[in-house]
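**Student:** Below you will find the structure I want to go over with you.
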């Protein structure tokens, strides 16, 4: 119902002004009447005066309380109901007078009359503005504006007896109306029961229960009666027991009631549900206050109910005056204790909650009218009670019809109900039932509800979503739809991204790079005055520095001449670097001048500091890094150990210069390195493989090379060999072209120089002490021994070293060729009592790092390693290096021996050679000669023997430098190992790619075999002549022939020469047109090679013949093998045979100086022939030649 100035706040907002004005006007008359009548505080007072009296009660006027007690004493004559009223009065006194009615609504105690006086005024305003004129006209004349004393005397009877009589008359009238309403509701209920009869057999039992309870006034869930506000005689109670008795007779006898208090059944509450719907609120509105007060544990265990307005609703319903309440049923307390069966809580979130909140608000408004006279209470609450009772009747019927399982007793057992089933049932019922007009009307009223009243409703709606989220069908469908269908696609994408570790090529013409400064060096005056001759003599003094290039700066002699900052000079002084070394004195000015540099110097000569100091100056000149910008200085190394050592050398300078460096290498967790790079770092020390991984990680968002302007390649010869050169060049291609690039190494073969110069621009080459020279401080010992005597000799060397007390803290490093040999030697030395460890590429990176740290710290004195530790390992106490297995080339020997004798210290390098390793003796002897040491006689014999074999063509001279075996071989080995693991621990997913590859390879072989069979069949179709091949085996053994030479002791008689020539001609004519496999028909003459082989290609398809004869493929083979390839003979169609004087069938002649070169060339030609045959077979299969029909 709409109210004028309606507000849910206790403060009189709507009518305060008018009420107070009328109260002041009538104040004198009111005091006079109160003096005339001692009962001046009775309820027949006008609303205006009562409103004024409330203010006085709050301040100092206390006679009101006495009159209230007197009024309650007057009620005590009623007997049983007076006890109820006494409890209500006590509750009122204990209630808080706070302004927050919402707090009162959610309060857990049942004391509800804290704002009695305010509620009087609120109810008074409500009744004044009510649209219900019918009830208003029936009120006493004391409600009118006429305040004459006669009306006051009439409205305020002097004795209780006439008032009680008037009350009885009105109750009789209300009973008649109630009976008429019950009949109307019974008819409506029967109609709805007939509509719900189609629900099936499960509802037939419920219909019986409904029919049984149809005669009871409690079936429609009317409001439980509350004690009337005025006293009454005991006479009407007898007739008011009948509805209760009827209700008890209609309800089935409880078979196993669950008692809470005396006879109160525990309501069934969904355990998992966090909220109650409006149906629960409607049903629980029937609970009397007595039942609630006797069962505090139930509501306290569900204290969140108060947040949804349910607790307040129960209290309010127990208090409010209704049409039934004013009837005064006799033992109404026992009636209150009887609980009705609760409906199943639905999971609706819309209309019903709003209705419940609004009805709760209405109930509270009705509560406020209790302080008035009984007539005013009844008139004000009648309309609300009728609406509420009708709505509760309909909702209870709806809830009962929705019950799937009938209850056999009147009580409700406390069982946990399945929420999902309840939700489904209630959804069906909501669809079946039409929208009730009263519900629609109350929904409209809910729009005008103040925010305080709707707060509980909003909270209820938020909570109510939880069961839907857990058990809703729609969410389940969504969860099923996501992720399942595309799982294979995601895995395929992930595998594809994982396999493709590639970085995009940058088009530098389209990128705008920031300008930067390279040149920081200003030549000091004393160096500028130095002549060229003086500079040359200075370089000669500094270990014979050799320079190549244009405008090479003169070498410096002091750190102060390098143009460094104060911080860098302080660090250098703190580290104890007195003066620059030879490579530093020449390299630092050259790099600081902005030039590209190739620096070659002996091991342990300070090359690392030579490129680090200019880099710090280079970085500090540029602006700081922004977020997600890559490094400025990039240092690449071939091994992880060298990367960690360079990073360690950087640290003293980083803190002083406020720079950051990241060491990125394989084997370590990449996530840590990604985190460091995202935080920002001006310097990155890395290995090429891990750097490519980082550049490709996360679609290139981890780091980039746009800010890189200073690049260092340490151990550059190893970086540019066959293994690392593709990776290094891929990284270099993504760096700006005008960068400054520096290359350093202790060894730099000539064949590596051409590759390195591709990455440099007009470089300055600085060589100190030779390209690949062992430092003169190292004593080199080379011994030729059998394999079984090497270990005994090793024990002897170690024993001699550690027998001297001066070498107690010495370290020994033993190099072997293979990882298995390292572990085997470790086992043998441990048995002999030497504490040692091994390090090689097969170990985890963390083990390698910890092993080197322990070795440097002296935890164990002996370290067994492969060549992975040959570069960059710097141990000051290392005095002995043993090459247990001889190094396979000069550079490796130099680096191995260079682990000792560092920074001016002395050391010893012992090398064991076996008779089978004479190939490696050449490089070792060369190293001994270049370092000024004598070559042992056994070693020299091995060198001479090997050189003779090379001249005879039996051996091939070993190439200088690290001729790496390439990354493809490593990838193949890793893939093979991974495939073995996958086959061993197969889960059904991993092996699919490998199986597909195997299938493809099998299909290719099958196609080739088919094509080859056609070639063989064509050859077999030809007439068989002597020497014609019956089949060609491209995968078979290659036959290489030595070229025939004239006998040394031939006769000088001309007739003999003529005879031999004639015989040769006849022999050749007899073989005309015939060429057996591997036998040439003409391979003589001055240009003939020492070895030759032939390959007939006449009967192969045209694509196959083209593959082995086109100029591009032949040129590649010629460059790779150094052989001569000639196409000879003539092509003959299948089935045609060359005549006696005709050329032989088309074939290829391969000539070379060594058998190995010819074999390699033949193998490559056979591979091309095989690929061409397969391609021809595929094209024939795709486009068959000829049609289906022939023209006759």
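Just so it is clear, glycine is given a Cβ too, placed from its N, Cα and C backbone atoms.
From Swiss-Prot, for reference:
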REGION    1-241  region 'Disordered'
COMPBIAS  8-20  compositional bias 'Low complexity'
COMPBIAS  24-89  compositional bias 'Basic and acidic residues'
COMPBIAS  96-155  compositional bias 'Basic and acidic residues'
COMPBIAS  167-195  compositional bias 'Basic and acidic residues'
COMPBIAS  226-238  compositional bias 'Low complexity'
REGION    315-416  region 'Disordered'
COMPBIAS  360-377  compositional bias 'Acidic residues'
COMPBIAS  384-393  compositional bias 'Basic and acidic residues'
COMPBIAS  400-410  compositional bias 'Polar residues'
MOTIF     557-585  motif 'Q motif'
DOMAIN    588-766  domain 'Helicase ATP-binding'
BINDING   601, 602, 603, 604, 605, 606, 607, 608  ATP binding site
MOTIF     714-717  motif 'DEAD box'
DOMAIN    793-943  domain 'Helicase C-terminal'
REGION    957-1003  region 'Disordered'
COMPBIAS  966-989  compositional bias 'Basic and acidic residues'
**Student:** Just to confirm my parser: what is the rounded mean pLDDT across the motif 'DEAD box' (714-717)?
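**Tutor:** A mean pLDDT of 81 is what the predicted model shows over the motif 'DEAD box' (714-717).
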**Student:** Cβ under 8 Å, sequence separation of at least 6 from the ends of the motif 'Q motif' (557-585): give me the contacting residues as numbers and ranges.
**Tutor:** 520-522, 524, 527, 538, 542-543, 545, 592, 599, 601, 605-607, 609-610, 613, 616-617, 620, 652-653, 656-657, 766, 768-769
**Student:** In the structure shown, which of the binding-site residues 604, 606 has the fewest other Cβ atoms within 10 Å?
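**Tutor:** Candidates: the binding-site residues 604, 606. Fewest Cβ atoms within 10 Å: 606.
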**Student:** Within 8 Å of the Cβ centre of 601, 602, 603, 604, 605, 606, 607, 608, which other residues of the chain have their Cβ, at the recorded ATP site?
**Tutor:** 581, 583, 746
**Student:** Using other CB atoms within 10 angstroms as the count, which residue among the binding-site residues 603, 605, 608 scores least?
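**Tutor:** Taking 603, 605, 608 as the binding-site residues, the minimal 10 Å Cβ count falls on 608.
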**Student:** Which residue counts does DSSP give the motif 'DEAD box' (714-717) for helix, strand and coil?
**Tutor:** 2 helix, 1 strand, 1 coil
**Student:** In three-state terms from DSSP, label residue 601 (ATP binding site) for me.
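**Tutor:** Once the DSSP labels are grouped into three classes, residue 601 (ATP binding site) ends up as strand.
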**Student:** Write out the long-range same-chain contacts of residue 601 (ATP binding site), meaning residues 6 or more apart in sequence whose Cβ is under 8 Å from its Cβ.
**Tutor:** 582, 583, 607, 744, 746, 766, 767, 768, 769
**Student:** Please give me the CB contact count at 10 A for residue 607 (ATP binding site), counting all chains in the structure.
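**Tutor:** Excluding its own Cβ, residue 607 (ATP binding site) sees 25 Cβ atoms within 10 Å.
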